[in-house]
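Copied over from TrEMBL, here are the features:
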SIGNAL    1-25  signal peptide
DISULFID  CYS34-CYS229  disulfide bond
DISULFID  CYS76-CYS86  disulfide bond
DISULFID  CYS91-CYS97  disulfide bond
DISULFID  CYS145-CYS217  disulfide bond
DISULFID  CYS150-CYS200  disulfide bond
DISULFID  CYS158-CYS168  disulfide bond
DISULFID  CYS172-CYS181  disulfide bond
DISULFID  CYS182-CYS187  disulfide bond
Amino acid sequence: MSTNMEYLRSSFVFFLLAFVTCTYAATIEVRNNCPYTVWAASTPIGGGRRLDRGQTWVINAPRGTKMARIWGRTNCNFNAAGRGTCQTGDCGGVLQCTGWGKPPNTLAEYALDQFSGLDFWDISLVDGFNIPMTFAPTNPSGGKCHAIHCTANINGECPRELRVPGGCNNPCTTFGGQQYCCTQGPCGPTFFSKFFKQRCPDAYSYPQDDPTSTFTCPGGSTNYKVIFCPNGQAHPNFPLEMPGSDEVAK
């Protein structure tokens, strides 16, 4: 009887381990090191979470997840029902995002277990910039599987035409048109995309900036971390939390 019980117990543990392995391809730890509150957002999984300075949020991303993005929202006010607004990165006035954020917002993008079993991931400024960011594998394996950063003072140096409250907008949102939006065929870098690329060479600066901006790691065996304000401080022109910001939803 005891032998059978041990067998059943071992089988159950094996089943749980197999279930977890099959269900999750990666864990992504999101950490806020900024000297202000960031309302982290994650779609299509995760939703949203308030992160005060030093707080973390762990997202379990299933195998095959694609078109996924993580970003930070600033200067938000939410009520007890999780409804409100954010100055940057707002996703339809809700704490728990189901759609993409309103520019400008610095993006961490990823797709897990895709072509050749690889994870594809990047930092993108195609939607503009609001918060400095690091995106990194927790177990780097060389090649294009290493930490990437966008920590320049982009808000403070933003071209006048792209400046908006709390961030530096992208030229597609500001001006529209094929030259900046790249929606109707090939396009190349512009004065504004070069501004972003010079300051954050790891990051996408326009929609077709693939060769220097896409990174890969082995799928199914790599976990990641996204850090807002990785240096632990914001430049003087980064948006600080405004009086009256949300004190309810966490």
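Start at 1 and count along the chain as shown; that gives each residue its number.
Every residue gets a Cβ built from N, Cα and C, even glycine.
Unlike curated entries, TrEMBL annotations are predicted automatically.
Neighbour count (other Cβ atoms within 10 Å of the Cβ, all protein chains): 21 for CYS158 (disulfide bond).
CYS229 (disulfide bond) and CYS150 (disulfide bond) are 9 Å apart (CA-CA, integer value). Comparing CYS34 (disulfide bond) with CYS76 (disulfide bond), their Cα atoms are 15 Å apart once rounded. For the disulfide-bonded residues CYS91, CYS97, CYS158, CYS172, CYS181, CYS187, a Cα-Cα cutoff of 10 angstroms around CYS76 (disulfide bond) retains nothing.
Neighbour counts were taken as the number of other C-beta atoms within 10 angstroms of each residue's C-beta; across the disulfide-bonded residues CYS76, CYS91, CYS187, CYS217, CYS229, the minimum falls on CYS187. Sequence-distant neighbours of CYS181 (disulfide bond): residues of the same chain at least 6 apart with a C-beta under 8 Å from its C-beta are CYS172, PRO207.
When the Cα of CYS91 (disulfide bond) is compared against those of the disulfide-bonded residues CYS158, CYS182, CYS187, CYS200, CYS229, the shortest separation belongs to CYS229.
When the disulfide-bonded residues CYS145, CYS158, CYS182, CYS187, CYS229 are ranked by how far their Cα is from the Cα of CYS97 (disulfide bond), CYS229 comes first.
The Cβ of CYS145 (disulfide bond) has PRO137, PHE215, THR216, CYS217, PRO218, THR222 as same-chain neighbours under 8 Å, each 6 or more residues away in sequence.
Comparing the Cα of CYS86 (disulfide bond) with the Cα of every entry in CYS158, CYS200, CYS229, these being the disulfide-bonded residues, the smallest distance points to CYS229. There are 22 other Cβ atoms within 10 Å of the Cβ belonging to CYS172 (disulfide bond).
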